[in-house]
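Annotated features in TrEMBL:
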- Cys107-Cys119: disulfide bond (DISULFID)
- Cys114-Cys132: disulfide bond (DISULFID)
- Cys126-Cys141: disulfide bond (DISULFID)
- 29-89: domain 'Chitin-binding type-2' (DOMAIN)
- 1-18: signal peptide (SIGNAL)
Amino acid sequence: MAHWWAILSILMLSSAIAQQDKLEGVDVEEVCADRPADEYFRLDTEGDCREVYRCTKSGLKEIQCPSGLAFDVLKQTCDWKAKVTNCDEKEKPRKVKPILKTDEPICSEGKLSCGDGECLDKELFCNGKADCKDESDENACSVDEDPNRAPECDPTQCALPDCFCSADGTRIPGGIEPQQVPQMITITFNGAVNVDNIDLYEDIFNGQRQNPNGCSIKGTFFVSHKYTNYSAVQDLHRRGHEISVFSLTHKDDPNYWTGGSYDDWLAEMAGSRLIVERFANITDGSIIGMRAPYLRVGGNKQFEMMADQFFVYDASITASLGRVPIWPYTLYFRMPHKCNGNAHNCPSRSHPVWEMVMNELDRRDDPTFDESLPGCHMVDSCSNVASGEQFARLLRHNFNRHYNSNRAPLGLHFHASWLKSKKEYRDELIKFIEEMLGRNDVFFVTNLQVIQWMQNPTELNSLRDFQEWKEKCDVKGQPYCSLPNACPLTTRELPGETLRLFTCMECPNNYPWILDPTGDGFSV
């Protein structure tokens, strides 16, 4: 044993010496000047592309990707060696920033300075189009930097039912005492609705499980288009579940969403809504919510499109695990938490849209003892949950975190395939739902029902008569059609593919896709 320790000590010592050699002659101050603390970079392009450094108060800190992987400096993450194409680059390109903060103003009133000192109108900064010669006017546009950003929450200017904000996002609407607030739980599913998951939805929402007001429990479905059975969507809607959109193409390039133009978001989300309304025959204007694929928020462009197209809420922004969870809020004022998660492209401007924020779940096995772990936003991204027992603990601990603090809605967000991957997951979720319904202050509601309660905050003892939650209270009866049309369709946009579109409506001429969402054919 001692022999092994000796070898290990020698290896560790030689590794430390090698690293010291590498860092010798490196001017840390120069390397770290103006560099963000969370940026990883290479010191040279020799070697196997695995090691990178970042700047810390105590000097340079090295990290190394596991064997077989390489570090992608643009994505700032380890990836399979074959997929990394920038091993010859030391760092991600530096962008010139405008000069926004100076002791003495550089420009006249109403103007701001580009990185090269040129003065331009303030409105031109962060408008999606480079106006400075050095393009710096589009390089400082985050929620905290955008010179035209939304103002911080002003409760005197922001009143329900149209506007809701609070300084840190934790305030209860209407100033109700926590004990009088219903603990709302939203169960949401992302993706296509079809034969792979309809049985799961039937099982969870079997019509027998009722909230304390006598209405059956409800869920929210963010539907993506390809492979969706629209007759099944039609029946979920008939039974009072909320149908929202999750995009038309669900393209797997995350940058397509983060950097999407206004027209991309319009075609994807309004196009998707058009298809659902037409082929699931939803004619009541109730599709008012959306979620971005991969939770890749599209910044101001996404929210400008949403306002123009009368989408009421987005459900893609995540809030880091905090001591107290955050209530949904409107985006008239600045968001009350850090822009967390995928690519940090949160909306910086003011928008008349609700954000159904996704509070991260605490996934620790034993929250009283375990060291802190980063939270997870989708239940299936809680990678340490591997058994029904662990899932059951996750559900109850996170319920208590919300219930015993400010009773912000608890979001349980799933891909159906995860719940179906092990029967025990489905069983534990149903057991949890039934246990919660044994209390008199927990309600399983849709995202829209959460907003309806927030617009008209109502204490627990008056909720039995809360009209907004009585609509489609306990629907019985049969689906609209027991034998939907199984339309075999093609489209020029997806050459070589024949796709089946299941719908109770008439078959269209073509498979609906991004340039032809109705399936009637291209307009020239």
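Even glycines carry a Cβ here, placed using N, Cα and C.
Where the annotation comes from TrEMBL, it is an automatic prediction and has not been curated.
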Using Cα positions only, nearest of the disulfide-bonded residues to Cys107 (disulfide bond) (Cys114, Cys126, Cys132, Cys141): Cys114
Top Cα neighbour of Cys119 (disulfide bond) in the set of disulfide-bonded residues Cys126, Cys132, Cys141: Cys132
Those disulfide-bonded residues listed as Cys107, Cys119, Cys126, and which of them has the most Cβ atoms within 10 Å of its own Cβ: Cys126
Rounded inter-Cα distance in Å - Cys141 (disulfide bond), Cys132 (disulfide bond): 14
All-chain count of other Cβ atoms within 10 Å of Cys141 (disulfide bond): 22
Separation of alpha carbons, Cys126 (disulfide bond) and Cys132 (disulfide bond) (Å): 11
Residues that sit under 8 angstroms from Cys114 (disulfide bond) by C-beta distance, when 6+ apart in the chain: Pro98, Ile99, Leu120, Cys132, Lys133, Asp134, Ser136, Asp137
Composition by DSSP (helix, strand, coil) of residues within the domain 'Chitin-binding type-2' (29-89): 7 helix, 21 strand, 33 coil
CB contacts for Cys132 (disulfide bond) [other CB atoms within 10 A, all chains]: 22
